[in-house]
Amino acid sequence: MMLSAVLRRTTPAPRLFLGLIKSPSLQSRGGAYGRGVVTGDRGEPQRLRAAAWVRPGASSTFVPGRGAATWGRRGERTEIPYLTAASSERGPSPEETLPGQDSWNGVPNKTGLGMWALAMALVVQCYSKNPSNKDAALMEAARANNVQEVRRLLSEGADVNARHKLGWTALMVASISHNESVVQVLLAAGADPNLGDEFSSVYKTANEQGVHSLEVLVTREDDFNNRLNHRASFKGCTALHYAVLADDYSIVKELLDRGANPLQRNEMGHTPLDYAREGEVMKLLKTSETKYMEKQRKREAEERRRFPLEQRLKEHIIGQESAIATVGAAIRRKENGWYDEEHPLVFLFLGSSGIGKTELAKQTAKYMHKDAKKGFIRLDMSEFQERHEVAKFIGSPPGYIGHEEGGQLTKKLKQCPNAVVLFDEVDKAHPDVLTIMLQLFDEGRLTDGKGKTIDCKDAIFIMTSNVASDEIAQHALQLRQEALEMSRNRIAENLGDVQMSDKITISKNFKENVIRPILKAHFRRDEFLGRINEIVYFLPFCHSELIQLVNKELNFWAKRAKQRHNITLLWDREVADVLVDGYNVHYGARSIKHEVERRVVNQLAAAYEQDLLPGGCTLRITVEDSDKHLLKSPELPSPQAEKRPPTLRLEIIDKDSKTRKLDIQAPLHPEKVCYTI
């Protein structure tokens with residue numbers, strides 16, 4: 001009785017169920033079920049087809065359509081066939097093969113188990129067809145074009161942007177199903193037209209969720225659409241992508257009018273226009289793309305005026321105002337069209353380690369490409385110190401191992417020609433690599449090992465180097481000391497001069513007479529230095545900036561203590577002054593990080609190990625004079641005039657606001673030594 005009830009629930013499912021039971025064998029993968037997507041070396045879809053389960057007597061001929069895949073510039077569009085299929089109501093015959101299923105021939109014992117496993121998966125799928133909540137019911141109503149039911153469910157609190165368990169939304173279902181009325185209702189209720197589908201392909205989704213591929217296949221066809229290729233990846237596709245695949249002009253226009261982004265790309269990197277057929281839909285998308293780009297430019301220009309780049313960078317980088325101003329000015333020229341379009345922007349960041357060179361490059365890429373991973377390319381030039389390693393840079397020549405793989409730089413620049421490229425520690429690279437960079441910086445193009453030319457005139461190249469870092473640090477410290485003495489002499493006249501020591505500038509005389517000869521001696525060529533637009537100098541941190549670094553590091557550990565151990569961490573103002581003493585001009589912010597770990601985090605770990613920190617407690621870091629709390633060993637003479645640095649101690653704050661010091665035991669040692677906690 002249950003089986004008959006299940007068979008009445010859907011139309012294609014019972015025939016598929018009976019076909020599985022009757023089938024004596026199933027052929028190997030890829031039989032008559034249709035072709036999958038063939039992906040080219042650029043990731044473009046070569047074919048989108050799906051098999052159709054047609055009703056008895058109906059024609060099974062595929063209805064060819066035409067789509068387009070962009071293989072580079074828009075003017076080089078190549079027409080490719082994609083899918084549409086006749087209606088699907090008949091399951092595969094016993095001779096047909098289900099996609100993605102292996103052959104069962106020759107294994108009689110496992111055949112029965114395999115067929116019954118698939119059959120039971122289908123039974124479970126069919127029996128669970130009935131929506132069990134409002135969100136699932138909304139999906140069903142959206143596909144059935146039941147406008148009244150959609151309105152009722154939305155009024156009762158159904159989430160208009162809720163996702164199916166496999167990743168799509170009700171708006172995507174209505175768009176692929178040609179249900180314009182439902183699309184209008186959903187958009188009016190606040191549906192987001194720019195949400196991307198989380199469903200990839202049948203087999204990948206089945207593997208990710210740990211279910212059988214047949215269950216995913218039937219669910220996709222019953223709950224979404226039965227005319228899409230099961231092997232194609234739809235991850236990241238928006239409702240506009242699906243409306244274009246359905247070639248529905250009215251729904252495409254409705255989505256665009258409601259704010260759908262025609263430039264949004266799916267996981268494969270394709271916009272809706274890449275799937276459009278020749279006709280009204282393609283014309284509408286081209287017009288919308290042009291208008292959207294113009295609005296986007298105006299919106300970004302207004303945003304830049306209200307929130308300048310320098311201000312954004314200062315939120316993530318402490319100090320280095322001169323470096324931020326130099327980079328911000330160059331980026332502003334580029335964004336507003338006041339730059340040489342035939343040459344890329346090239347920077348050389350000079351300074352000691354750990355003062356923000358790499359972080360500034362990362363934040364620049366984040367600003368330019370909105371967190372896109374492809375927009376930031378980082379190459380550690382210490383990996384290219386030998387001559388034979390140059391091949392890894394642009395790819396091996398024909399006949400050599402790795403020729404088909406391409407180079408580390410050229411391969412990534414193909415994917416994003418306007419990326420921000422960081423050459424970290426460029427002073428360690430082999431001279432032959434610098435020769436390649438000459439062409440890259442001068443002409444904005446690069447030829448890979450396959451002989452193909454990559455045009456990257458719109459890219460931004462940033463090199464970092466520790467060359468002349470000692471000279472820059474010593475000169476900056478000298479300038480800061482002179483400015484500090486000057487401000488002390490003028491403190492009675494103008495209190496604003498106290499901060500003069502924090503703002504210093506490297507003189508032109510120092511750059512020309514000290515730095516440039518060092519760079520020329522190292523890189524050994526003027527033409528290489530002449531192709532650099534800006535040489536940016538990173539200076540050592542001043543005292544106020546070091547205090548910010550300490551507080552930033554303490555805030556990091558306070559957040560970690562709260563998340564992992566439910567412990568609230570506080571500290572006195574004097575703690576930052578004590579930790580600043582651990583700063584080393586040669587190691588930059590890393591020395592502060594290590595000092596906090598040695599003097600604070602070590603105590604936290606020891607106290608936690610000794611069960612001195614109850615859950616939900618509040619800790620405070622305080623400063624004590626170490627001379628009063630020195631643990632003396634009888635074998636060692638007591639210190640007389642020796643001055644010890646202040647000691648940081650942990651105190652626990654009770655519920656009645658009383659504090660008590662934690663007695664953290666020093667680790668035992670075979671020899672009797674003196675410990676200072």
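Here, residue 1 is simply the first one shown, and the rest follow in order.
Cβ atoms here come from the backbone N, Cα and C positions, even for glycine.
The following features are taken from Swiss-Prot:
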REGION    85-104  region 'Disordered'
REPEAT    133-162  repeat 'ANK 1'
REPEAT    268-297  repeat 'ANK 4'
BINDING   His316, Ile318, Ser353, Gly354, Ile355, Gly356, Lys357, Thr358, Glu425, Asn466, Arg531, Arg590  ATP binding site
MOD_RES   Lys559  N6-acetyllysine
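Non-local neighbourhood of Lys357 (ATP binding site): Phe349, Gly351, Thr464, Phe538, each in the same chain, at least six residues away, with C-beta under 8 Å from its C-beta. Of all the Cβ atoms in the protein chains shown, 18 others lie within 10 Å of the Cβ of Ser353 (ATP binding site). For the pair Arg531 (ATP binding site) and Lys559 (N6-acetyllysine), the Cα-Cα distance reads 45 Å.
Between the CA atoms of Glu425 (ATP binding site) and Lys559 (N6-acetyllysine) there is a gap of 33 Å, rounded to the nearest whole number. By a simple count of nearby Cβ atoms, those within 10 Å, the most crowded of the recorded positions His316, Arg531, Lys559 is Arg531. Looking at Ile355 (ATP binding site) and Lys559 (N6-acetyllysine), their Cα atoms lie 23 Å from each other. Under the DSSP three-state reduction, Glu425 (ATP binding site) is assigned to coil, being neither helix nor strand. The predicted model assigns the repeat 'ANK 1' (133-162) a mean pLDDT of 91. Note on the repeat 'ANK 4' (268-297): DSSP counts are 22 helix, 0 strand, 8 coil.
DSSP gives His316 (ATP binding site) a coil state; it is part of no helix or strand.
The highest number of surrounding Cβ atoms within 10 Å, among the binding-site residues Ile355, Glu425, is found at Ile355. A straight line from the CA of His316 (ATP binding site) to the CA of Lys559 (N6-acetyllysine) spans 17 Å.
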